[in-house]
Amino acid sequence: MKLPPIRFWIGVMVFMTTFTNYMMRSNISVSIISMVKHNKNTTFTPPCLREISGNDTVELKTAENDSDSVRYAWSETEQGYILAAYFWGYMTTCFPGGIVSEMLGPWNVILWTSILSAALTGLTPLAAQGGVAGVVACRFFIGLLGGFIYPALNVLIARWAPPKEKGKFLAALMGNTLGTVCTWPLVGVVTDLLSWEWGFYVLVIIMSVYCLVFFILVSDSPQKHRWITEEEQRYITECQEGQVSTTKAVPPYLKISMSLPFWALIVAQFGNLWGLNLILTYAPKFMAETLGFNLKKSSAIASLPYLARLFSSQIFGIAGDHMRKKGNMSVTRIRKIFVIFSHLIPAASLFLIRAAGCNHIGVIVLLVLNQAFNGAVVVGHLINSQDLSPNFAGTLYGIMNFVAGTSGFIVPPITGALTDYYV
């Protein structure tokens, strides 16, 4: 039986890196529901429970009934700061993340930022005892470390992926989707059975196992891997046709800043992240506090759109690679076609969610469609930094996420403030 090539395992670890990265990123969206207590002098009723009757929903229940769990009286605006803090740090390191990864190598960058992220996640319950500022500080530094991950992965992919296999490698970045799909229900169940603190601790255990496997299986490039065959190494090198270099070089910043295709890429990523961050940070709260599902149910249902995104991204990735191999369309046209799927259709679904109101099935279907079509990003704008400059893919991705990442810390405070004002 012939074993899969080493680049297959690199692809698996790209998937697992984004998986664990999004576990660190998204767990707070569920945990915060049980970290916060409602005013004991008032009865909290989700808005949609005021409009319906019957047993299709249940009262909002959190770990608030667990006497062993400390809960905090944080306002929606303060919760918005906590949800946004990750993205404040994330944006800060996206730009230098690409440069650092190209200079130090993606292996070092990914491994050490993952180890430190796990440590800070484990310290978050302790930091919460210091108030909002403590949690904000932890989330900020986790985001600071997380900002290195995607630029580093782009460097890793540029060095390992033959051009006609890049769609599959970029589809592996959708591990972030499965990370969200698994994290929300997992944290919901662990919180319900144990406490919200254990929602953080269980992720530290998972992250520790991942770091050990990454340490063993991954290297910066095919030339440095201990188990790769000469045949596979030669195949990757020949397919890349000398376009990719592992030597350190200064990125051409002036040319990058004057590139209109690159600015179009930034605009596309900003719009993409705005929609993603809105759903990532507020979907569980919306399910629990507006539609009226309990913690376990809201976490599970809120993860369904990401499951759809995971499967659709694989289909879009295969379709994109097939279109490139046929050679009937230019790479630019292929990218533009998939941007229509990844941006325009999800944008329309967000407008329709408001019109759906308390129609539970309608809202869930629209959220699923939103993320399913967004899966096309893997062969749309998301892979475009690889097309524009394979040698500086990490730098391009870092700059792109540095600018577009501002949406991550704009969305939660605005949403929190609007919720405080209108609800």
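Here, residue 1 is simply the first one shown, and the rest follow in order.
Cβ from N, Cα, C; glycine included.
Keep in mind the model is a prediction, meaning the values are calculated, not measured.
Summarising the annotation, TrEMBL assigns transmembrane segment to 6-24 (among others).
The domain 'Major facilitator superfamily (MFS) profile' annotation in TrEMBL covers 6-423.
Among the features that TrEMBL reports, transmembrane segment is placed at 109-128 (among others).
As annotated by TrEMBL, transmembrane segment applies to 134-157 (among others).
Look at TrEMBL and you will find 169-186 (among others) tagged as transmembrane segment. A Cβ distance under 8 Å defines the sequence-distant neighbours of the transmembrane segment (169-186), meaning residues of its chain 6+ beyond its ends; these are 11-12, 14-23, 25-27, 29-30, 150, 153, 157, 160-161, 202-203, 280, 284, 296, 299-300, 302-304, 306-307, 309-310, 313-314, 316-318, 371, 375, 378-379, 382-383, 386.
According to TrEMBL, the transmembrane segment annotation covers 198-218 (among others).
Here TrEMBL flags 260-280 (among others) as transmembrane segment.
Tertiary proximity for the transmembrane segment (300-317) is limited to same-chain residues at least six positions away from its ends with a CB under 8 Å from its CB atoms, namely 167-168, 170-171, 174, 177-178, 180-185, 188, 279, 283-284, 286-287, 293, 338, 341, 364, 367-379. Taken from TrEMBL, the feature transmembrane segment applies to 300-317 (among others).
For 337-355 (among others), the entry in TrEMBL reads transmembrane segment.
The list of residues near the transmembrane segment (361-383) in space but at least 6 beyond its ends in sequence, with Cβ under 8 angstroms from a Cβ of it, reads 166-167, 170-171, 173-174, 177, 265, 268-269, 272, 275-276, 279, 283, 291, 301-302, 304-306, 308-317, 319-321, 334-335, 338-339, 341-343, 345-346, 349-350, 352-353. The annotation transmembrane segment is assigned in TrEMBL to 361-383 (among others).
As annotated by TrEMBL, transmembrane segment applies to 395-414 (among others).
Each of 6-24, 109-128, 134-157, 395-414 was scored by its Cβ pairs under 8 Å to the transmembrane segment (198-218), and the highest score goes to 109-128.
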